[in-house]
Amino acid sequence: MKKIMLVFITLILVSLPIAQQTEAKDASAFNKENSISSMAPPASPPASPKTPIEKKHADEIDKYIQGLDYNKNNVLVYHGDAVTNVPPRKGYKDGNEYIVVEKKKKSINQNNADIQVVNAISSLTYPGALVKANSELVENQPDVLPVKRDSLTLSIDLPGMTNQDNKIVVKNATKSNVNNAVNTLVERWNEKYAQAYPNVSAKIDYDDEMAYSESQLIAKFGTAFKAVNNSLNVNFGAISEGKMQEEVISFKQIYYNVNVNEPTRPSRFFGKAVTKEQLQALGVNAENPPAYISSVAYGRQVYLKLSTNSHSTKVKAAFDAAVSGKSVSGDVELTNIIKNSSFKAVIYGGSAKDEVQIIDGNLGDLRDILKKGATFNRETPGVPIAYTTNFLKDNELAVIKNNSEYIETTSKAYTDGKINIDHSGGYVAQFNISWDEVNYDPEGNEIVQHKNWSENNKSKLAHFTSSIYLPGNARNINVYAKECTGLAWEWWRTVIDDRNLPLVKNRNISIWGTTLYPKYSNKVDNPIE
């Protein structure tokens with residue numbers, strides 16, 4: 001008996017240090033909240049053993065979610081405006097120009113896998129968040145499911161991270177624990193790899209759209225544009241009247257993406273105590289199927305509004321040149337558009353001081369704004385700027401389908417012109433100058449009025465000069481002049497008979513010569529395009 005007790009005590013003494021050493025290792029493997037593993041994690045967290053009751057709950061959750069009957073193409077849809085009536089064409093006088101405004105019905109259909117993040121909802125956005133795939137997600141107000149969570153694995157795509165350093169296991173996937181895990185991954189890269197990769201270039205995602213309606217821009221950029229436009233303040237009223245042209249640009253500089261390993265079964269994302277009945281009570285059903293944020297892009301998001309009061313058809317080309325930095329020195333019209341345009345920028349991220357910046361300026365300064373934050377480092381921290389969701393049922397990508405109709409407004413300016421008459425011939429001359437002026441009735445139909453110069457068919461002796469001012473809506477200009485020869489058989493001889501001339505800024509009509517040899521010229525200065 002004593003020998004047995006001695007052996008037993010010896011075994012206890014031998015095993016005690018081993019147990020203490022094991023406890024120390026376990027303690028060092030978790031943070032204070034016992035939520036994040038600091039060791040290199042496996043590709044996906046191992047499923048912890050379940051009791052028979054917990055396994056029953058997990059099986060019921062899997063069966064329920066995988067049995068939800070819905071069409072993934074119809075779950076997330078944004079229907080914008082429907083246009084029934086297109087306003088008619090109209091024209092109006094504006095200073096020394098006549099403006100013609102035309103409207104056409106257009107439509108936009110956009111499939112967005114990436115949902116934009118703005119500051120107001122960044123607190124709801126984190127990798128692995130469980131959300132309902134419904135209209136609130138479409139409206140960029142994700143309805144996060146408040147349930148207990150199991151573990152998940154995050155990975156980051158910063159360069160150089162080896163030996164599983166780019167991954168981390170979150171034992172209890174709450175928002176705070178996940179955000180702490182993301183910070184741990186970023187800090188791990190800063191400490192171990194940043195020196196070897198001092199200039200990590202941001203991945204650029206660029207999209208633009210000429211602005212005509214808010215519904216159109218929401219369909220293009222997602223419902224996050226509603227919040228962005230509170231700062232951009234696109235002037236839809238002036239655009240609709242043809243007095244402004246504006247373009248909106250989304251410019252993303254992505255520093256890194258944090259991705260979530262796909263769950264092998266839906267229940268893997270839930271805590272052991274969660275039941276099917278709890279999910280049903282939270283409104284999870286075929287109309288509100290569960291999804292999860294599978295990837296979050298961190299970086300700098302710039303929204304730009306480019307504005308001009310030019311009526312030129314080259315405005316889009318000028319804006320593109322300003323953004324790309326392309327030289328337009330050889331094109332006077334593009335140069336003038338850029339010179340007389342402005343921009344407003346709303347910037348999220350990329351600054352250690354301010355999370356959101358609003359900047360106004362001239363297009364000449366635009367490139368400086370876009371160049372900032374081009375590389376990732378401690379001084380240019382990234383914020384969540386976009387996220388992707390997947391259906392929990394089958395890990396299929398959850399795509400938001402946006403569509404809207406809108407009225408495209410275009411305007412063209414026709415500058416006033418002038419005809420300068422100079423008669424220095426050795427004869428009596430008579431002129432007949434006429435033109436048409438075009439306006440529009442309330443239905444947009446053309447109203448053409450024929451106009452005549454008040455001095456038509458009146459005899460003029462040399463030296464006679466006059467100027468006829470024509471409005472921008474003048475067209476089909478006819479210039480006729482004849483001279484008196486004094487010959488009985490040909491009392492009047494035609495000097496000039498030019499018809500259907502276009503309106504130009506300065507048209508110089510000169511006649512000279514003798515009764516038998518009259519001459520003329522028709523020269524144009526500063527033609528109007």
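Just so you know, glycine gets a Cβ as well, placed from its N, Cα and C.
Quick caveat, the model's predicted, so the values are computed rather than measured.
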Quick one: sort out which of 35-54, 135-154, 435-454 is the region 'Disordered' according to Swiss-Prot.
35-54
If I go by Swiss-Prot, the feature transmembrane segment sits on one of 164-173, 184-193, 234-243, 354-363. Which?
234-243
Per Swiss-Prot, the range holding transmembrane segment, considering 202-211, 312-321, 392-401, 462-471:
312-321
Closest-packing stretch to the transmembrane segment (312-321), where packing means Cβ pairs under 8 Å, from 214-227, 234-243, 329-341:
329-341
Can you count helix, strand and coil residues in the motif 'Conserved undecapeptide' (483-493) using DSSP?
0 helix, 9 strand, 2 coil
